[in-house]
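Notes to accompany the following structure.
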Amino acid sequence: MKNFASVAALLLLLCFPVAFSGHDYGQALSKSLLFFEAQRSGVLPRNQRVTWRSHSGLNDGKSSGVNLVGGYYDAGDNVKFGLPMAFTVTMMAWSVIEYGNQLAANGELGHSIDAIKWGTDYFIKAHPEPNVLYGEVGDGNTDHYCWQRPEEMTTDRKAYRIDPSNPGSDLAGETAAAMAAASIVFRRSNPAYSRLLLTHAYQLFDFADKYRGKYDSSITVASKYYGSVSGYNDELLWAAAWLYQASNNQFYLDYLGRNGDSMGGTGWSMTEFGWDVKYAGVQTLVAKFLMQGKAGRHTAVFQKFQQKADFFMCSLLGKGSRNIQKTPGGLIFRQRWNNMQFVTSASFLTTVYSDYLTSSRSYLRCSAGNVAPSQLLSFAKSQVDYILGDNPRATSYMVGYGNNFPQRVHHRGSSIVSYKVDRSFVTCRGGYATWFSRKGSDPNLLTGAIVGGPDAYDNFADRRDNYEQTEPATYNNAPLLGVLARLSSGHSGYSQLLPGLLVPAPVVVRRPMPIRKPRVTSPVRASGPVAIVQKMTGSWVSKGRTYYRYSTTVTNKSPRALKSLNLSIKNLYGPIWGLSRSVNSFGLPSWMHSLQSGKSLEFVYIHSTTPANVAVSSYTLA
């Protein structure tokens with residue numbers, strides 16, 4: 001029987017990639033965004049879709065004389081931890097920056113932007129002065145003693161802050177990165193808000209760099225839960241990279257070049273990336289700058305950054321000199337407690353790096369030899385497929401996706417009857433006796449949550465007290481947004497040197513250049529059922545020349561879908577993105593197979609003169 005069981009297990013491992021296929025990445029994307037709405041703190045908006053939640057934390061910050069209402073609860077508890085929250089927002093913003101078109105094609109760009117803004121609105125409140133940042137509301141010790149719904153929690157809601165006397169360069173640096181990355185997201189849709197975020201990012205970076213120290217030495221109650229093991233050098237480099245991408249300010253590129261060696265950016269060979277350790281993320285971003293030809297006099301240093309990025313990617317593929325452990329079912333494994341956070345973040349980096357390499361016509365250099373970029377995307381797909389159910393247990397580790405997913409999640413809000421259904425007060429310890437210890441399924445479905453996941457041998461126990469495996473976290477889901485959006489558009493190569501990469505961004509010194517208020521230009525001529533409207537959405541001065549950003553919307557007015565569309569664009573003198581290009585014309589982007597009736601697509605271009613002449617050359621209706 002023992003030999004038979006071994007053979008059966010082997011056959012299962014060999015067969016499950018074939019037996020489970022055809023995941024609906026678009027559906028998984030939609031569900032994953034719902035999880036962020038379940039984690040909201042503060043006054044919930046009218047368009048709140050997770051209806052079993054209600055307002056909570058309405059007095060946060062009051063005892064400290066500051067309004068800290070809002071933000072996100074990090075995981076299954078009711079504490080607002082600033083460091084993982086900021087990392088969550090940074091990764092959501094990065095997902096939108098890279099894969100905004102794919103998110104829009106899935107109808108989820110608006111929800112993604114809303115999720116980002118829920119975090120950045122809170123960070124604005126938490127940063128009331130240039131050198132003051134509130135980094136936590138509540139504390140894990142008192143919170144974990146109780147099992148209560150966030151709507152009626154009785155635990156301590158003390159607010160904790162960093163300042164020049166109590167520094168926290170890692171916390172301030174990560175929050176600067178989040179604000180800078182988010183400023184890119186809002187650059188076109190809300191220029192004033194984008195500039196506000198960038199101003200906060202500048203101040204936070206200066207604060208982090210001038211008053212150096214680990215935040216958990218100042219906010220000591222955080223050390224047990226989100227201790228900064230890696231220190232703050234990685235966050236300083238990470239923030240500088242994001243500020244450069246957001247501002248195109250040479251100061252931040254020089255910062256990376258000057259400090260890459262001394263701060264570990266070129267020295268650390270990483271096998272993990274997450275809310276604490278940012279080096280692999282920095283190395284990936286700087287490698288992108290190098291591929292763009294932006295390194296200049298820092299080329300030699302940036303090449304060392306890229307070598308470390310290659311090391312990380314190779315270790316994930318099992319082709320490096322020190323490879324990452326995997327479970328028998330193929331999931332990368334870093335630690336017992338919430339291993340899935342490393343899976344999703346690594347999958348995101350391999351996805352964008354695959355696209356960076358593809359678009360720059362490069363390959364991955366591993367100790368085992370050169371590797372095609374497509375293997376990185378295939379790796380990311382394998383990890384996502386495992387999460388969604390292609391694993392030895394045939395278990396989906398995304399709540400609400402598939403037929404077999406965790407039913408007893410380690411999460412206070414989902415495990416207790418909704419406050420809207422039963423307002424009977426749940427006491428601090430009574431919640432443990434009545435709700436935590438229940439063997440039944442959660443009364444509220446925590447749709448889209450990515451739980452901690454299986455152990456090193458693919459084993460998983462669906463128990464509420466098994467917090468290492470059944471507790472979800474916002475930073476598990478955030479990197480997955482971009483990966484799911486990318487996979488939903490197909491698995492072939494995709495050019496990723498797009499917005500902010502080949503496009504000249506506003507050049508700033510220490511504050512953003514003013515952007516003109518968007519104005520709509522005259523509609524360009526329509527052809528049959530296709531309507532085209534252009535508008536100028538921004539402008540800036542670079543090296544004495546004024547650049548204009550134009551957004552063009554193409555709408556299908558026909559009752560039938562457009563199967564193909566060819567556009568003629570004349571008098572174009574700058575980069576363009578959002579369309580596929582042939583020899584003499586432009587067409588639907590490669591990930592869009594048709595334009596449905598009543599739907600629109602948007603493409604953007606930049607040059608230093610009046611709008612280009614856009615016209616329809618031909619089209620085919622379904």
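Each residue, glycine too, has its Cβ placed from N, Cα and C.
If you look up TrEMBL, you'll see 1-21 marked as signal peptide.
The feature active site is assigned by TrEMBL to His410 (among others). Neighbour list (His410 (active site), Cβ cut-off 8 Å, at least 6 residues apart, same chain): Gly76, Val451, Arg464, Asp465, Asn466, Tyr467, Thr470, Glu471, Pro472.
Counting only same-chain residues six or more apart in sequence, the Cβ atoms lying under 8 angstroms from the Cβ of Asp462 (active site) belong to Pro406, Gln407, Arg408, Thr470. Annotation source TrEMBL lists active site at Asp462 (among others).
Sequence annotations record features per position, and here TrEMBL assigns active site to Glu471 (among others).
Per-residue confidence over the domain 'Carbohydrate binding' (530-610) averages out at a pLDDT of 81. Taken from TrEMBL, the feature domain 'Carbohydrate binding' applies to 530-610.
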Checklist entry - Within 10 Å of the Cβ of Glu471 (active site), how many other Cβ atoms are there? => result 21
Checklist entry - How many of the residues that make up the domain 'Carbohydrate binding' (530-610) does DSSP mark as helix, as strand and as coil? => result 0 helix, 49 strand, 32 coil
